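Colleague: So Swiss-Prot says this about it:
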BINDING   Arg24, Glu25, Leu26, Lys27, Lys120, Trp576, Glu620  5-methyltetrahydropteroyltri-L-glutamate binding site
REGION    404-428  region 'Disordered'
BINDING   Ile446, Gly447, Ser448, Glu499, Asp614  L-methionine binding site
BINDING   Ile446, Gly447, Ser448, Glu499, Asp614  L-homocysteine binding site
BINDING   His656, Cys658, Glu680, Cys741  Zn(2+) binding site
ACT_SITE  His709  active site, proton donor
Amino acid sequence: MTAKSAAAAARATVYGYPRQGRGRELKKAIEGYWKGRLDADALRTTATGLRRDTWQQLAEAGIHEVPTGDFSYYDHVLDTSVMVGAIPARHRAAVEADALDGYFAMARGTQDVAPLEMTKWFDTNYHYLVPELGPDTVFSTDSAKQVAELGEALALGLTARPVLVGPVTYLLLAKPAPGVAADFDPLTLLDRLLPVYAEVLADLRAAGAEWVQLDEPALVQDRTPAELNAAERAYRVLGGLTDRPKLLVASYFDRLGDALPVLAEAPVEGLALDFAEGAAANLDALAAVGGLPGKRLVAGVVDGRNIWVNDLEKSLALLGTLLGLADRVDVAASCSLLHVPLDAAAERDIAPQVLRWLAFARQKTAEIVTLAKGLGHGTDAIAAQLAANRADLVSRADSALTRDPAVRSRTAATTDADARRSGPYPERAAAQRARLGLPLLPTTTIGSFPQTAELRTARADLRAGRIDSAGYEERIRAEIGEVISFQEKAGLDVLVHGEAERNDMVQYFAERLTGYLTTQHGWVQSYGTRYVRPPVLAGDISRPEPMTVPWTTYAQSLTDRPVKGMLTGPVTMLAWSFVRDDQPLGETARQVALALRDEVGDLEAAGTSVIQVDEPALRETLPLRAADRPAYLAWATEAFRLTTGGVRPDTQIHTHMCYAEFGDIVQAIDDLDADVISLEAARSHMQVARELAEHAYPREAGPGVYDIHSPRVPGVDETAALLRKGLEAIPAERLWVNPDCGLKTRGWPETRASLENLVAAARTVRAEHAGS
């Protein structure tokens, strides 16, 4: 096909779309089902309606081929485990008794059965349920969900493309099941898994699928020759099947690298590449392999992970260079639109001119359709859209919101000394022990306590004008009083104020920092029914006034025990926001760090002896390729130290991280120079404690001893057993006892019981240690 004919054949498509509905109907229906207010039929009816509405909206917008199978009640990787029959033994009876309840039990656990481990989906803010596999795993085919959802779309008269997690990525994301040797490689199961995928593909073809999309984002990471050989074998086998649809292998989140020639040569009909994150590298690699003759190329030129309007002229130029490199060039976002909010048009509190800088899923869909039209019919066909887009880009570049000379002058004046603590850690630790007087194995929590219906009502009442600020603050003080009282009675050693005033650990600060915008309806799925509203970091950052000091000092006035000051760190402020793309991330991080440094200084001046600067996103924002990591870690750790570098030696700095594998960033954790770090560890059975020990980590650490993402209450013996496992790696004088993460999403009954058990377990193990 010539470049001209390839352009004429261009179509618009997307890989996936937000699941929740305009009013988060899916979240409400699922939680209603969990609480017994909705039955399974009502939940399924809601889900069917949401899928129908999404597909019809996409088709009406001009999307030629809508995705199916990307919808999920909880997680698409968990759906894949169900599809291939990889049900953990401890959950099989529940799944056999009731498939839906068993599905949710795998995701959330029950009082007696632990859930699957949950971790970040590559370097995004979405979480997936980690498959558990072993040498005895027997796969079986269950394509009912995939076939049914395809049938729903086809019944609407739409062209539909089922989306599956590819077999190589599925195995690379898996981990050894409990009781399986830690060095077991799930990829050794590929030959067992491929026949199941073959059956699924045959079922989908029989159901009417012309194309099936197989997502292989794991191939954008650094891969060994053995892993690349597995990818070659997988697609040689699947491509060689006779009873199958056409195959589109999709990669996203970065450049494809060494896997590109493997997939280019595979007997598949199409390849999807990310031209937002890895544009130059993917373009060069495509040219190096001679393009994709006879194949379909889906070009992800619209950024699927950020919310800024696309530079249409720049994207059209890139698309033009791709013509001639494939038999057909289609236009898409760089990844599933799951990672952005649904519709910017729903925002009412953002200035209209600023709103024109933003593109959520609906606007990105329009950009994709516009680009496909421009590619196929020429720029004259989209002249009006190009002119409007050009004006929006100029408006943003010239806006006073984006640049503050005072902020830029302060950032430029920072020195290396600003990012260093006063005194080496051993001296600081001695000063902190003398000041705090804590027992061995001190107990604490990560920060937040349950956000009750009463708290949400108070915020709603304030927004609606039913109460004034004084009335709202009175309610918050009452909640803080209850949280402090409970912690004292439970016997915790270092307390928190509970963050009752905070709707979200990033949004709370974003609302108080100049340069940020917040949304009303910009919800994005984090996991299951947990949705967040990432703020928009649009301009230079500064702090007009203290943000946390009044609440922290009020809490401290209620107790003689130390109360932690609680801040969100600069890297997490960036990672959990939609960040400006017009300057280097390191520069933006320094601006945020300096604003937070002012807050740290004010907390210390007010008498706060323990200050926690949370950085749960440090690991999850790590670039997917090793070559890109040193530069990231350099600015990320510097930003943390710039935040905390001004405190006295006897002020104890804590940090917290969750939901990640930490082995490859232990040196960076060390480089933060925090006095205490708490980490997620319960679901991974203290793996992180072992990783810290292997690195000879010299400071104090609190690997979590209970999983707060499940409603189950761990018993005293279970918690004590995890604590003893932690002691195998970390000396008692440096080990803290804490949950995995904050308690915001939990209910008060399970929170009380779990923390009381945590304190009892700490006392038990403390006594054992004293008697040994």
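Quick reminder: no glycine exception, Cβ is built from N, Cα and C everywhere.
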Colleague: Give the helix, strand or coil assignment DSSP yields for Lys120 (5-methyltetrahydropteroyltri-L-glutamate binding site).
Modeller: strand
Colleague: Sort the recorded positions Ile446, Cys658, Glu680, His709 by C-alpha distance from Leu26 (5-methyltetrahydropteroyltri-L-glutamate binding site) and give me just the closest.
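Modeller: Ranked by Cα distance from Leu26 (5-methyltetrahydropteroyltri-L-glutamate binding site), first place goes to His709.
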Colleague: Just to be sure I understand the packing, how many Cβ atoms besides its own are within 10 Å of the Cβ of Ile446 (L-methionine binding site)?
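Modeller: Total other Cβ atoms inside 10 Å, all chains included: 26.
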Colleague: Fewest other C-beta atoms within 10 angstroms of its own C-beta: which of the binding-site residues Arg24, His656 fits that?
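Modeller: Comparing Cβ neighbours within 10 Å for the binding-site residues Arg24, His656, Arg24 has the fewest.
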Colleague: Could you tally the C-beta atoms, other than its own, that fall within 10 angstroms of the C-beta of Gly447 (L-methionine binding site)?
Modeller: 27
Colleague: Cα-Cα, whole number of Å: Glu499 (L-methionine binding site) versus Lys120 (5-methyltetrahydropteroyltri-L-glutamate binding site)?
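Modeller: Answer for this pair: 24 Å between alpha carbons.
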Colleague: In angstrom units, rounded to an integer, how far apart are the Cα atoms of Arg24 (5-methyltetrahydropteroyltri-L-glutamate binding site) and Glu680 (Zn(2+) binding site)?
Modeller: 28
Colleague: Could you state the whole-number distance in Å separating the C-alpha atoms of Asp614 (L-methionine binding site) and His656 (Zn(2+) binding site)?
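Modeller: Just about 5 Å between their Cα atoms.
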Colleague: Taking the Cα of His656 (Zn(2+) binding site) as the centre, which of the recorded positions listed as Glu25, Ile446, Trp576, Glu620, His709 lie within 10 Å of it?
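Modeller: So the list is Ile446.
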Colleague: Between the Cα atoms of Cys741 (Zn(2+) binding site) and the residue listed as 'active site, proton donor', find the distance and write it as a whole number of Å.
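Modeller: With distance taken Cα to Cα, the residue listed as 'active site, proton donor' is 8 Å from Cys741 (Zn(2+) binding site).
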Colleague: Just the number: how many Å between the Cα atoms of His709 (active site, proton donor) and Cys658 (Zn(2+) binding site)?
Modeller: 11
Colleague: Would you mind listing, in sequence order, the residues at least six apart from Trp576 (5-methyltetrahydropteroyltri-L-glutamate binding site) in the same chain with a Cβ closer than 8 Å to its Cβ?
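Modeller: For Trp576 (5-methyltetrahydropteroyltri-L-glutamate binding site), the qualifying residues are Asn125, Met505, Val506, Val532, Pro534, Ala617.
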Colleague: Translate the DSSP assignment of Trp576 (5-methyltetrahydropteroyltri-L-glutamate binding site) into the three-state scheme.
Modeller: coil
Colleague: Based on DSSP, tally up the residues of the region 'Disordered' (404-428) by helix, strand and coil.
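Modeller: Summed by class, the stretch gives 16 helix, 0 strand, 9 coil.
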Colleague: Can you tell me which of the binding-site residues Ile446, Gly447, Cys658 is spatially closest to Lys120 (5-methyltetrahydropteroyltri-L-glutamate binding site)? Compare CA atoms only.
Modeller: Cys658
